[in-house]
Amino acid sequence: MPSTTQMKSPTEDQLILDAQSPQTTENEKIKMKKHMGLLEGVAIILGIIFGSGIFISPKGVIEEVDSVGCALVLWILCGLLSMIGALCYAELGTCIPKSGGDYTYINEAYGSLPSFLYLWAANVIFVPTTNSIMGLTFAKYVIQPFFPNCDMPDLGVRLVAAAVICFLTFLNSYNVKVTMKLQNVFMFCKLGALILIVSIGIVWMCLGNIENFSNAFAHTTTNPGKIATAFYSGIFSYSGWNYLNFMTEELQDPFVNLPRAIYISLPLVTTIYVLANMAYMSVLTPAAIVSTDAIAVTFGNAVLGKYSWILALLVAVSAFGGLSVHIMSSSRMLYAGARNDQFPVMLAHLNVKTLTPVPSLLFLNVLSLIMLCSSNIQLLIHYCTIVETFFVTLSVSGVLYLRWKYPKMARPIKVHIIVPIMFVIICIFLLILPVVKSPLVLLGGVMITLSGVPVYYFGIMQEKKPKKFNKFMRHATIFCQKVLLSAHEEE
């Protein structure tokens with residue numbers, strides 16, 4: 001990989017100029033239309049955040065805090081933390097008007113090594129772990145109805161998860177248009193399942209079934225490590241809030257409407273998530289929630305009887321669609337990283353017939369299958385979210401660093417200084433507290449992230465590579481060209 005050491009830290013004048021004039025003269029002729037108003041912005045944010053997490057995370061939350069009252073409070077706090085973080089990202093996205101998200105923010109604030117480690121962790125930890133979580137969610141919701149009164153076969157769950165990951169990797173390699181055309185169906189199933197759960201829960205509670213909420217805070221844990229671990233399960237369901245500022249180019253009056261969209265959408269998401277959890281808890285006892293791996297199926301069996309398959313089907317299709325989109329979009333991030341010389345050039349190849357990044361898709365497919373060494377979804381969530389929280393904290397701390405280093409930088413959206421300070425402090429506690437409870441999970445994430453350091457210095461900083469290494473990379477590239485019918489995209 002060619003060296004990228006020539007990248008220099010931007011001067012304050014350059015950053016001010018970038019923020020004030022993000023478009024060049026040439027780009028002013030060809031740019032996205034600002035066709036979205038406030039309502040469309042809110043709808044897109046809801047579409048980004050709503051996912052399969054709400055159908056798997058409630059178990060992880062209540063399993064750690066041991067009470068329904070504390071669990072509901074935690075879901076509210078997770079929503080509040082997500083809103084604070086989203087506002088910080090809105091400032092970052094408008095004062096650093098460049099594509100790349102966290103990679104760009106970390107690079108602008110702290111340089112090329114931390115930003116490379118983010119890209120490394122994203123492709124080696126976040127993406128494959130999330131793929132395996134979604135695959136396992138789909139598998140458990142498909143298999144659970146066939147084992148209503150006993151445990152699901154672990155090997156069967158893993159095989160179904162592996163099969164769906166491989167199938168969707170093939171589908172996105174062969175014809176990505178299918179994924180895009182089915183998005184409306186997937187979104188309908190996702191929202192349909194949530195609406196059905198919330199509606200049933202409200203009716204159920206209105207009929208007087210609220211005994212599960214008596215002494216709601218009884219037996220609440222006082223272990224800070226367990227509370228922090230529960231936070232990770234809750235935060236996982238809000239995933240996506242840190243991508244909200246990507247839509248500023250298409251949003252009318254973005255510097256006004258983006259904060260408004262955040263203030264409207266995240267409290268709405270939080271309300272729906274709290275209502276969904278109240279629905280679960282009104283029907284199922286905490287013990288029943290902890291004992292199930294497919295909470296919506298168990299919920300449906302209790303209130304819908306023989307029609308419970310409807311809920312299971314909606315959640316399974318929702319998880320299937322979410323996994324397909326995630327496989328498609330994440331492969332583009334790896335492909336873009338390879339094009340920018342951050343990964344081997346073979347991963348920047350496109351299939352000459354389908355024009356899809358097949359090498360990147362297959363690489364992430366292999367890593368996703370490796371993550372299936374565990375079928376414990378809650379463990380995978382903790383492993384993924386701990387590392388991701390570290391880099392989110394690093395990005396938001398960039399707000400404070402840039403305020404200090406470039407005080408005159410143009411900031412179209414500027415949050416009160418207490419907002420990023422509060423966010424960073426909370427996240428630091430969330431990173432430190434689980435050390436006692438889950439030291440191996442944390443150590444694994446740290447070790448894999450730090451393994452990117454030698455890769456960075458050898459693969460990027462070192463221009464002259466050993467002859468055997470260059471020979472191996474040439475053979476691997478030729479293999480991709482011949483077997484995968486791939487070639488480097490022409491500029």
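In case you wondered, yes, glycine gets a Cβ from its N, Cα and C as well.
If you look up TrEMBL, you'll see 38-57, 72-96, 117-143, 155-173, 185-205, 258-276, 309-329, 350-371, 377-401, 413-433, 439-459 marked as transmembrane segment.
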Remote residues contacting the transmembrane segment (72-96) - C-beta distance under 8 A, at least 6 residues beyond either end: 15, 18-19, 49, 61, 65, 104-105, 108, 216, 227, 230-231, 234-235, 237-238, 241-242, 244-246, 248, 254-255, 258-259, 262-263, 266-267, 269-270, 273-274, 277-278, 281, 392, 395-396, 398-399, 402, 409-415, 419-420, 422-423, 426
When counting Cβ pairs under 8 Å to the transmembrane segment (155-173), the leader among 117-143, 185-205, 258-276, 350-371: 117-143
Stretch of maximal Cβ-Cβ contact with the transmembrane segment (185-205) [cut-off: under 8 Å; candidates 258-276, 309-329, 439-459]: 309-329
Winner by Cβ pairs under 8 Å against the transmembrane segment (350-371), considering only 117-143, 258-276, 309-329, 413-433, 439-459: 117-143
Sequence-remote partners of the transmembrane segment (377-401) [C-beta within less than 8 Å, at least six residues beyond its ends]: 56-57, 59-60, 63, 85, 88-89, 91-92, 102, 105-106, 108-110, 114, 118, 121-122, 125-126, 129-130, 132-133, 136-137, 140, 229, 232-233, 235-236, 242, 293, 371, 415, 417, 420-421, 423-424, 427-428, 430-431, 434, 438, 441-442, 444-446, 448-449
